[in-house]
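Below you'll find the structure, written out as C-alpha cells, and then a few comments.
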Number of protein chains: 4
Amino acid sequence: MSNTYGTLFRITTFGESHGPAVGVVIDGCPAGLEISAEEIQVALDRRRPGQSDITTPRKEEDKVTILSGLFEGKTTGTPIALVVNNKDQHSHDYSHIEHAFRPSHADYTYTAKYGTRDYRGGGRSSARETVARVAAGAVAAKLLKQHGITINGYVSQVGSVKLRKHYSKLDFSKTDSNKVRCPDGAIAARMIGVIEEARNSLDTIGGVVSCVIQGVPAGLGEPVFDKLHAELGKAMLSINAVKGFEYGSGFEGVKLHGSEHNDQFYTDEQGNVKTRTNHSGGIQGGISNGQDIYFNVAFKPVATILQPQQTINDAGQEVTLQGKGRHDPCVLPRAVPIVDAMAALVLADFMLRSRMSKL
Amino acid sequence: MSNTYGTLFRITTFGESHGPAVGVVIDGCPAGLEISAEEIQVALDRRRPGQSDITTPRKEEDKVTILSGLFEGKTTGTPIALVVNNKDQHSHDYSHIEHAFRPSHADYTYTAKYGTRDYRGGGRSSARETVARVAAGAVAAKLLKQHGITINGYVSQVGSVKLRKHYSKLDFSKTDSNKVRCPDGAIAARMIGVIEEARNSLDTIGGVVSCVIQGVPAGLGEPVFDKLHAELGKAMLSINAVKGFEYGSGFEGVKLHGSEHNDQFYTDEQGNVKTRTNHSGGIQGGISNGQDIYFNVAFKPVATILQPQQTINDAGQEVTLQGKGRHDPCVLPRAVPIVDAMAALVLADFMLRSRMSKL
Amino acid sequence: MSNTYGTLFRITTFGESHGPAVGVVIDGCPAGLEISAEEIQVALDRRRPGQSDITTPRKEEDKVTILSGLFEGKTTGTPIALVVNNKDQHSHDYSHIEHAFRPSHADYTYTAKYGTRDYRGGGRSSARETVARVAAGAVAAKLLKQHGITINGYVSQVGSVKLRKHYSKLDFSKTDSNKVRCPDGAIAARMIGVIEEARNSLDTIGGVVSCVIQGVPAGLGEPVFDKLHAELGKAMLSINAVKGFEYGSGFEGVKLHGSEHNDQFYTDEQGNVKTRTNHSGGIQGGISNGQDIYFNVAFKPVATILQPQQTINDAGQEVTLQGKGRHDPCVLPRAVPIVDAMAALVLADFMLRSRMSKL
Amino acid sequence: MSNTYGTLFRITTFGESHGPAVGVVIDGCPAGLEISAEEIQVALDRRRPGQSDITTPRKEEDKVTILSGLFEGKTTGTPIALVVNNKDQHSHDYSHIEHAFRPSHADYTYTAKYGTRDYRGGGRSSARETVARVAAGAVAAKLLKQHGITINGYVSQVGSVKLRKHYSKLDFSKTDSNKVRCPDGAIAARMIGVIEEARNSLDTIGGVVSCVIQGVPAGLGEPVFDKLHAELGKAMLSINAVKGFEYGSGFEGVKLHGSEHNDQFYTDEQGNVKTRTNHSGGIQGGISNGQDIYFNVAFKPVATILQPQQTINDAGQEVTLQGKGRHDPCVLPRAVPIVDAMAALVLADFMLRSRMSKL
C-alpha cells in the first residue's frame, strides 16, 4: 500500500527511474472536472530536469499521456491514468553501483528490505517517482481552483541564506521569475550564488521550501489521526530528501507562552470569523479555521556528489565511490512544484472527505 | 476513518473527555503475545493527570479494563478492546463555553465541520483521547520489546531552556527520575522553574520532546508514501498541540553540504553494517538502516490559560472568556508517554508490514 | 483489518462469546443523526437468544450501552462505541472441547491460523459477534430511514419448505408476527414444524433468508470492484453459517436468454424511470437503478448438534464429541435481523460514498 | 476506491473499452518472483476475443507491456504496472447509444451516478476492464504456484445444460480442449449447441462457472468480515454479469440436517488432518481447512442482443434500440480465465495476510 496516497482522492504511482515509464492512477476524482494534458504538462515543466544551470543538465521532456478517465475533455469519475515515458533509459552505465551502497542513498536499505534492488539510477527510490505526483497534483490543483483554493510554494532557504520576510509581504507571482524560485529577487540572487558555489565544488546544498495555502474554507481536516497538518506533514515527509516539517508557529513557537501564542477570534466587517494572529497556521484541532495555512519543509543536501566517498559493497568490503553523470547541486528549485503537488493532493482529499461530516 | 491509525497493527480510538469512557480497539496484533492489564497500566500511569505539581491537579485513576482479545494471558489474534472509564464526567460546569469559541482550541473548527460539538471539556478534541493511544501503545511496545526494539522519549526543551547534549550522552533510565522527564537533572531543574513560573503567572509554555528508537533492524519502512519517517511524522503531528517534526539532521541539516551530511557506511568488527555519522537518523529512502532513529517533536503552549481572553461566540459577538478548572501549565512531561506510544504503534505496524517484502 | 467493515460508514467489532463483552465502534456516521439506546435495543431484541421455543433457550438480555459519539441525543461525527456485556460468561464447562475440534466449526482452522484459540463457546468465531453488527446496523438503518430507504428481510426457506410467492405479494408487517419470521402464516407454520422436528431429533436444519430493499435512489454503488451487489454479497457471506448469495434473477436466471432477461426501461406517469421487469434486482453495472433490490442468502444447518459425532483432538487422535448446552436448532429466525443489519451497513456506506461522484 | 482490490496484494485497474488502453498496477507483490510478459500473455490469450466462433469475432491482440516493477526478470517489491493498448478504438459508431439507455446495461446507472458517461462501448462498465484483472491474476497465480496452489475454473452450466459430475471425476487438463471450456466432452458439445442456437437467433444465454482450488494450506482467510469465502464471493460478484455465488454445499445444503452436513475430521495415514465429507467447501469459520475449496458463479445472459428492444433515452422518451457490432452470444467460455484470475488474486492476498497471524 505504500504506493498509494489519499483516502478519497487517491493516487497510486508506479515506475522506476530507468524503467520504461513512470505514471500514476488517480482514483476518486469526481466526474465533471475539465482538465487537459496541457494543463498537467505545465506543472511537469516546472519540475523538469534541465530547466536551468542550477539544476541537473539532464534533458528529459517528461511528456504526459492520459490513458483513461477523461471523455470529451472532462473527468468521468473513473480512474485517470497518466504516463510519462522515460527517455534514454539505457543511456548510462550503472555498473559501478551494482554492488556498492551509495552513502545516504537507499541502496542499502532497499537491499535489506527486499533482498534485491534495481540499481539503475536508484530505481524506485529515485526522485523521478515525483513526476507521477506532480502530474496527479495538477489534477488536484484544478479541482481546488474551482473552489477558490490556491497553493504557493517557494524556496525560503538555501544553505544558510534565509528569506526572513513574512509571507504576506511576498509577491508569489514572482516565484518563477528566477531560477531558484524565491519570490524575493535579492535573496534569490544570494541563494543562486550558494548553489553555484556548491556545484563548482562538486558538492550539494540543502534548503527549505515554504508553502502558503489560501482560500481554504473552515472545516477541512479530520480530528484525531488524520489531522489536516498531520496529513500535510506525512505528504511532505514522503518527498525524497525531506527531513522536517513545521506549520504555523512551528519549532519557534515552543518558546512562547499561551497568552502570546493563542489566536484571538473576531468577526470582521463582512461578518467573517477571523483571528487577530495566526500562530495556528490556519489549523486548529486538525481542522482548517479559514485563515491562511502555511508551513515549512526541510530538504537535506542531495546525496549524490561528484567527489570520491568511502562506503562498502554488498560483500561488506570497503570501496571508494564517485558520483557520475548529471545531478542537481540543490534540489530546492525543482522541489517547489512537488511540494505544491502534494499540498494539492492533501487538500483535494480533505475537500472530498468534508462532504461526509454532516447529515 | 480519521479515528483509525495503522495499516496492519491498527488502532481505532473512541470517547470524549466527558463521556462515559475512552477506549481503543487494536486489530492486527499477532496471536501469542503475553500482555496484562498491569503492564498497560504502567504506561497509563506515566500519562495520568495529577502525577506532580507541574501537571494538572485533576485526579483521575485512568484504570484500564481489557474487554476482549486475550485468553489465558496471551493475545489470540482477535481484536483487543481496552476501555478506561471517565471519572467525574459530570463534575464541571461548561456552560461558559457552550456558545463561546476558545482561542486556539478546536471549538470553532469542530462547529464549522460538524455543525455541532460536544463542548464539555473539548469533547473529542480533548487530549484525553490520548489515553487510548497510550494504552494501545503499551501493547505495541511489548511486541517490539520481544524483538529488542526500545523507545526512549524525553523532554529536551521547555520554553527557551534546551538540552543540548547529544542523546548518546544521556542516561534514559533517569528520564522518570524528575517530574519534567528530562534525563539531565540540571536542565530538568531549570525546565521545572520555567513551568512553575508559567503556572504562577496563570500562563502556559511550550517545548520539545525528543525520542530515540534503538534496536531497529535494517529494512523496516516502506518506500514512496509510507516512509518510516513520514509515518512517524504523521503519528507525532496527530498528537494534540504538536506543531513540528524533524528527524536526523532535521531543519539544521539544510545548511550542510552533501559532503558533510552523507553518512559513510563501514563494516564493524562483528561484521555489522554501520554508518560513521548518522545525519540520516537511522532512515534512508524511508527504510531503517539499523542505526539509531531519533527525532524531535514541537509542542505549542497549552491553549487553556487562566487569564481573561477576547474571543467570539457562535453568534459572532465578541465575548471575554477565562479558563476555569485544573489544567496543565505545560504539556511536555505528560507528552513523553504519548510520543513513546505513537512511536511504538508506528514501529509495530512496520514490523508486521516488513513480513511481506520478500517471497 | 478483518474486524472492520465499510469504507466511509465503518464498523469495527470486538469481543468473544465468553469474554467480558462484545461491542462495536462506528466511525464515519455523519453528525446530526438522532438515535437512542432504546432504538438500538429494539434491533438487538429481535436477535436475542431465548425469544421463542424454536431458538436457543439461553437467556441473555443483550443490553446495549453507548460509550461515545452522542451528545444531547444526536451524533456528533465522532466514533460511536456500543458495548453489550456478556452475561454468565463463566457459567459453562468447556473442557470437553478444549482439545477437540468440533466438526464444521472453526476450532481447527483457528488453531491452524493462530496457533491457539479461545475455546469457550467458539470465542471470536461464535455468532455472538453478530450482536455488534446488529447494534451498528440499527444506527445505519436510522440514517437510511431519513432518506426513505427500508430493508425487509424474512425467512423464505427452512429445509425443503420454501415460500414461493413473489415478494410483492407479501406483507412485511407480518414478518415478526410468528416466531420463524416468515410473512406468510401458512408457510411459517410448516417451517416451524420442520424446526421442531429437527430440535426433537437433536438435530438442526438450514434455510434461506430473503431480503428486499426499497426506496433506494438510482446511483448508489461503485463500478468495478465495489459493486453494490458485490458488497452486499460479501456482507452476507461474512455472516456465520452463510453458504451462498444471489440477487435479482440469481442462479435461476442463467437459464434465460438475453431477450427474456433484459429489463426494458420506460418512464412512468410521474416521469420516473422504471423497468418493466426487474431481473436486474435493482442493480445494473453494480449501481442501483431505483428499482427494488432483492436477494437471497443461504444458511447451512447449525453445526452444533446434541448427538455424538466422530472427530479428532489437537493431538490428531479420534475422539467422540457431543454438543452440550442450549443451542439453536435453526438459525434462520434470528438471522433475519442480522441480514437486515448488514444490508443497512452496506447501504449507509454507499449512500455516503455517492456524495463523492460528482464535482 | 472502487477501482482497487485486495488488502496486501492490491490491484488498481484503469481504462475504458474505447480509450487508449486498459491496465493495472499491482502493489504488494513480494520481491523475488520470476515472471515474464509471456506468462501473463498466456492468461490474456485465454480471455481474448475472437478465439472461437462461439465468442465475439472481434479481433484484438491484447498484448501486454510491463512498465515497472521487474528487474532482470524478477519482481523487486515495487509496483508492477501492466498495460494493454486498445486496438481500433475509433472503429465504431456509437452515436445510436449516445443518448439511449441500453436495457440491463449500466448506461442509466452511470448517468445517474456521475451525471455523465463515456458511451463508447460501455466505457468503464465494459467487460474489457477484466483484461486488467486477468493480467494481474497471472502474477498472483505464479505466486500461488510456488506454494503448490492450483486453481481450475470450468464451465459447468450453459442455459439448462448442466454438468452434474462431481469435480473429482473431472480431468481439468481437458478444460481447454473444447471451445466452451467444459472438461466433459459430451456435455461440452451440448453446451456449444445451446450457444450456437442462441447466436443464430440473435440472442444470448447465461450459465455457471465452477471453480476448484487445490493445495491451499489450512489457516488462510480471516475471521469476521474478510472471511475467505466472503472475499471470494465479492471478487466473483464484482465480475460483469455475475448474479450469484455459492461455495461448498451452497443453496442445496440448506435442505440438509446438521447431522448430514457436518464434516467429520480424521487423520489420514500420513498424519494429515482431513474431513470425510466436504460440505464446508474447504472453509470453516472463514478460514481454509486444507481440503479442496470449490464454488459456483452464476452469469446472466449477455445484455447486448442483436434484436430491437424498447427502452428510453436520456430525455425520458421511448426509443427502439438494436445491438450492433460483434458481441458474445455467451460470456461463459471467456469468463473462465476471469474467474481463475479473481480467485488467484483473493488467494494471493490471503497468503500474504496469513503471515501476520502469529508472533
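The backbone N, Cα and C atoms fix where each Cβ goes, glycine too.
Annotation comment: TrEMBL describes B:Arg47 as NADP(+) binding site. The FMN binding site annotation in TrEMBL covers B:Arg124, B:Ser125, B:Ser126, B:Asn240, B:Ala241, B:Gly285, B:Lys300, B:Pro301, B:Val302, B:Ala303, B:Thr304, B:Arg326.
B:Lys300 (FMN binding site) has a Cβ environment of 27 other Cβ atoms inside 10 Å. When other Cβ atoms within 10 Å of the Cβ of B:Thr304 (FMN binding site) are tallied across all protein chains shown, the result is 24. Cα spacing between B:Ala241 (FMN binding site) and B:Arg47 (NADP(+) binding site): 15 Å, rounded to the nearest whole number. Within 10 Å of the C-beta of B:Arg124 (FMN binding site) we count 29 further C-beta atoms, all protein chains included. Max Cα-Cα distance over the annotated FMN binders (B:Arg124, B:Ser125, B:Ser126, B:Asn240, B:Ala241, B:Gly285, B:Lys300, B:Pro301, B:Val302, B:Ala303, B:Thr304, B:Arg326) is 45 Å. The secondary structure of B:Arg47 (NADP(+) binding site), as reduced to three states from DSSP, is helical. By a Cβ separation below 8 angstroms, chain A lies close to these of the binding-site residues B:Arg47, B:Ser126, B:Ala241, B:Val302: B:Val302. Proximity to chain C, defined as a C-beta distance under 8 Å, is registered for the following binding-site residues out of B:Arg47, B:Arg124, B:Ser126, B:Lys300, B:Val302, B:Thr304: B:Arg124.
Around the Cβ of B:Arg47 (NADP(+) binding site), the same chain contributes B:Asp62, B:Thr130, B:Val131, B:Val134, B:Arg334, B:Pro337, B:Ile338, each under 8 angstroms and 6 or more positions distant in sequence. Taking Cβ-Cβ distances under 8 Å and a sequence separation of 6 or more, the neighbours of B:Ser126 (FMN binding site) in its chain are B:Glu16, B:Ser17, B:Asn240. Take the binding-site residues B:Ala241, B:Val302: by the count of other Cβ atoms within 10 Å of each Cβ, the lowest one is B:Ala241. According to its DSSP assignment, B:Arg124 (FMN binding site) is helical.
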